[in-house]
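Below is one structure; the comments refer to it alone.
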2 protein chains.
Amino acid sequence: MEIIEINGVNYKGKADELLSRGENDFSKIDRIVYEILDNVKRNGDKALFEYTSKFDNVILKELRVSENEIDEAVQIVGEEFIDILKEARENIESYHKKQLQDSWITNDKEGIILGQLIRPLDRVGIYAPGGKAAYPSTVLMNGIPAKVAGVNSIAMVTPPDKNGKINPYILAAAKVAGIDEIYKIGGAQSIAALAYGTKAVKPVDKIVGPGNIYVARAKRAVFGLVDIDMIAGPSEICIIADENKNPKFIAADLLSQSEHDEMASSILITTSKNLALEVEKEVKRQTMESERKEIIEKSLEDYGYIFVVRNIEEAIKISNEIAPEHLEIMIDNPFEMLSKIKNAGAIFLGEYTPEPVGDYFAGPNHTLPTSGTAKFSSPLGTYDFIKKSSLLYYSKEALENIKDKVISFSQAEGLFAHGNSIKVRF
Amino acid sequence: MEIIEINGVNYKGKADELLSRGENDFSKIDRIVYEILDNVKRNGDKALFEYTSKFDNVILKELRVSENEIDEAVQIVGEEFIDILKEARENIESYHKKQLQDSWITNDKEGIILGQLIRPLDRVGIYAPGGKAAYPSTVLMNGIPAKVAGVNSIAMVTPPDKNGKINPYILAAAKVAGIDEIYKIGGAQSIAALAYGTKAVKPVDKIVGPGNIYVARAKRAVFGLVDIDMIAGPSEICIIADENKNPKFIAADLLSQSEHDEMASSILITTSKNLALEVEKEVKRQTMESERKEIIEKSLEDYGYIFVVRNIEEAIKISNEIAPEHLEIMIDNPFEMLSKIKNAGAIFLGEYTPEPVGDYFAGPNHTLPTSGTAKFSSPLGTYDFIKKSSLLYYSKEALENIKDKVISFSQAEGLFAHGNSIKVRF
């Protein structure tokens, strides 16, 4: 990891460099994606079976995962792990229930009722990656908020392995999350199936969940016809620490992010040069012992930094500029600094709240804004699975009271039929 | 207007036809847009002045609108209209304040604090169209929710006329809405200025407001670097009416939508064949008298329909499928049908709540989901100008209690450094 002493100027360039990770020309990938989308739109299930044979190397008889397959997966995973999944579900449910909002109406003025109706989306699709990136936590974190929001039906798509099987942890998590239908479809073709619908797969209103670049570009392409969640970039952690904090803890937390992939970024911002040196040493030591050594070394080399700053205010200023996905604050009295933290996906306070506790278990969502988008985006939540409608009622008298003002306004805009819709009533 | 008697089958095709209005190949436009974005990114204000000269036919000395110009506009508009703008502001403020949500924390379990921080975006840009589509209501409807949400600074961009002037109604509305900075920049170049920043224009976190196709495509191109609002399609109204409702009112409301542009869609769904015939006659009569006759005739011809159905339930089913931007419910006891309305941007109840009352004055936002996106999108609101951060705190004891479960979970996902960040603490 590179240690950089910040003089109050040079951090901006570093922040920009981090934020532009993964900016690319996608035109080649898009051509392939558009072809797949178009083929599924025209040929439905036939195209889905063909792509599964081509990309996943398996000839399926059925796209939908059977109840038997799900029960089998639950057996394989075992009771102990099912109980952990259920406890995680309870925590995730409990947190997300607090995000729910009620519809409201108001009657501040005689004869006028205004309001806002909040309704769940009718049907949602979840993409769950297969292979090495098959994470049961992703299934919980996408499925449970939709369920809590009141979504009527939830379909999950995930690529099968070459034997036509789905990772049992994924299936068990889907069962625990209460997902209604599961299909053995991956890649851009699964996004097409969810967006356009086929004979086997009913179309959805929104598609969520992480995937590879083909999935991400396909989601972007169907956005508008259906809604999509944010398209996540590489993962990030930023740790703000003052002196006398434990370098072992800090190093372990940096590594927990770096192991995700080679593009992941891990940053420590500290007021203590001494701590910076100790963390650097500890990072090297822990990396040597790590199961995912190659990935960690590469991501730390490219996107790992230790910034030494003059004071905590400066550390927070840099962190606000980076707008990290995960922000750990390991300083004395971390709660006192909260009002200064402007941009971060999730904030972990104190020395005993390591980021992984939020990935699986605590309750808040692990789908978080990356690449600086925490400046304007939020964690996935129940608010992503509802839509609002405005409600207006005017009595005849209430409309009469304001009619001239509305007519004046419509004339100022040159929209005379707008004014006429008022005039015609009196 | 074409009258179609619905047999419960053929409405689906009509709905799909309406929803696909405006689907196009944008590759030619995108090439121009990318070139403009790139030029502004590289050459900043110089490019802005050049494009303004090229597209708006005026050589400007300053991009920013001066206080003098704003004061002059307020004079031109006159006190009476300023008062109408202020009353509209009060109504819009009052409605949008009810959308505000508080940050929260919870402490359900010993040693665990979870929460959600809600913070306004720091800086927002608003695009206001110029020329014939210069609508002061658009400035209020975009600026006031941002202001109510607590956005720190709001910049507006709008194209100048060939004399370098901005429509005085637009400037007056910006003043009333409390917009901090106004720039004489239009088209894709203004989106570039807001997204990348130049010497004259500081970059923003989010860009909102309607514009022509170049503006819309530019917004889509910079999405990710900054946030954007929905990209609105052509406007729509759907009116559900039972018998004995006033055909004059209905015809006037249909026309108020049709006059927007030739792609606008106006639909009546009624249980009464007799009312259908009367509305058809009345539409013809009112169109003849209308100032915007040509636009209305074209949009009614292409996208105006009267559906005759067997009962109100069927009417609502069709409306839910169309998911209209504006839905007027002119039936006896309209409130009783609310629970059946699933998809609509804004719902106008009863015979004295014509859609234009919502466009300017009542308080709810007039920026609404179009083209069927009300199935998953919401009106513009204060929630579009905030972002959330999750908050987590575990005490040492609380973490120790659950440590084995988190470690098991991380092992199931093959992310060993995740588990290690827990282990290293005990």
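A Cβ is built for glycine as well, from the same backbone N, Cα and C atoms used for every other residue.
Where the annotation comes from TrEMBL, it is an automatic prediction and has not been curated.
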Per TrEMBL: NAD(+) is bound by B:Y127, B:Q189, and from B:N152, B:N167, B:N212 the site also lists B:N212
B:S235, B:Q257, B:H260, B:H326, B:E413, B:H418 bind substrate according to TrEMBL; which of B:D180, B:D205, B:D359 goes with them?
B:D359
Just name the recorded positions among B:Q189, B:N212, B:S235, B:H326 whose Cβ comes within less than 8 Å of a chain A Cβ; none is a fine answer.
none
If you measure every Cα to Cα distance among B:S235, B:Q257, B:H260, B:H326, B:D359, B:E413, B:H418, the residues said to bind substrate, what is the biggest one in Å?
56
Between the binding-site residues B:Q189, B:N212, B:S235, B:Q257, whose Cβ has more other Cβ atoms within 10 Å than any of the rest?
B:Q257
Which number gives the other C-beta atoms within 10 angstroms of the C-beta of B:E413 (substrate binding site), all protein chains shown included?
20
Per DSSP (three-state), B:H260 (substrate binding site) is coil
Neighbour count, 10 Å Cβ-Cβ cut-off, for B:Y127 (NAD(+) binding site): what number do you get?
28
What same-chain residues, at least 6 away in sequence, bring their CB to under 8 Å of the CB of B:D359 (substrate binding site)?
B:S137, B:H366
